[in-house]
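To keep things clear, I will list the structure first and then write my remarks on it.
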Amino acid sequence: MKSGQLASRAPAPGCATRTSGKMDKPLISHHLVDSDGSLAEAPSEVPKVGILGSGDFARSLATRLVGSGFSVVVGSRNPKRMAGLFPSAAQLTFQEEAVGSPEVIFVAMFREHYSTLCGLSDQLSGKILVDVSNPTEQEHLQHHESNAEYLASLFPTCAVVKAFNVISAWTLQSGPRDGNRQVPICSDQPEAKRTVLEMVRAMGFTPVDMGSLASAREVEAMPLRLFPGWKVPALLALGLFIFFYAYNFVRDVLEPYVQEGKNKFYKLPVIVVNTTLPCMAYVLLSLVYLPGVLAAALQLHRGTKYQRFPDWLDHWLQHRKQMGLLSFFCAALHAVYSLCLPLRRSHRYELVNLAIKQVLTNKSHIWNEEEVWRMEIYLSLGVLALGMLSLLAVTSLPSIANSLNWREFSFVQSTLGFVALVLSTLHTLTYGWTRAFEESRYKFFLPPTFTLTLLVPCVIILAKGLFLLPCVSRRLTKIRRGWEKDGSVRFTLPADHALAQKTSHV
């Protein structure tokens, strides 16, 4: 919500009449008050913009407008008190005088204070009112009309434009370089909308035309959304964590306690978590590329690309970026936890006990060539896989992605992403080595955790290899270029024939 000026607790006057009394008399002369408290006149050689309200957002808006070359006049109920909070170039006065000369006026007030402006309806007639307010989640559900539509109903002779409600006060002050540059705009008046669009560009932001004022309710709902694209991936990651953590707890902690009476509960904070994180990262990464395999198989089965995917598959495809970033997050945590393993007190006790056993058995040299090579390869593949995931995560940033063309972005996200999946698979296989075939590894008749994670990635890798076969690759390429099995559209690839043959039933 944008901060606005406080309203009186007395009932607001109607838009048709104005109340008069001693409280209406100004405390100071009705002249513009500069930020240093001195009286000044607004310059007329630059575009003049008015702001109604003196809250945090109004101050940030005034700062941005002044820095963009506009002459700003701010209307406040107490300009003397607020003068020192605004930039020196901005001029403060009472609301009645602030709306006199500017043609564009920003209403930086809460919805419940709109009615206090009804006494200014004559001065506001024919002007452009820019509504920057946001409702709370409760207010959004309570009111059936948006704040901008409510403002337009109070001032029917004004052109109301909804804008800047998705921009924070911090972004206005620091500039759009560190925040979202897009500013959704909607209005029923094309000329007023065009004027505000030009102002948005002049302030360094990117305007997005959202249509008529009826879209204001949707625009006002944007700041109320809390990571809408992350809900399903986050719940999926949480579900995977609970499943693998419980599975590893049963195998590594509960089974030794039940079968041998050993207390292994000290493994819960680090060991079990560190065994769970790579499983999550591996499965999430495989789920990033599984929907692409399913979509390709579905297109091959249908023989066309013009049929919509099922809703579940379409939503799955849209959440791949979030799942990939969560995979990188889990892999990075796994790397940090692995580096912390030698720092544990329990690990030091185990090393001392191993050394004592070696002395008691009179063994001066312990060296297992196979285990040494396995761990060396295992760690090397893990580092390479994490490096590939880091590259995928970096190129997902908008600032980096915007600097790449489509072929470069596709190469990194698709080709290198699949390489990361292959490296992760080799990393897991090297960790497993021959353990999957040892009877002692099956605790409570449950297979090792890594064997569960290998199923989906191996299917994806085999499917990708199948798609590379010439007979399958050619058919899939033709389908994605518009060929249909039913004969509505037929053509051959340019590599085979100089001219493409097309037929249509239309």
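Heads up, the Cβ atoms here are built off N, Cα and C, so glycines get one too.
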For this session: Please find, within the list 1-22, 23-44, 67-88, the residue stretch that TrEMBL describes as region 'Disordered'.
Result: 1-22
Exercise. Where else in the chain does the transmembrane segment (450-472) make close Cβ contacts, counting only residues six or more beyond its ends and a cut-off under 8 Å?
Worked result: 247, 279, 282-283, 285-287, 289-290, 293, 296-297, 300, 418, 421-422, 424-425, 428-429, 431-432, 436
For this session: Quick one: average pLDDT across the domain 'Pyrroline-5-carboxylate reductase catalytic N-terminal' (48-135), no decimals.
Result: 92
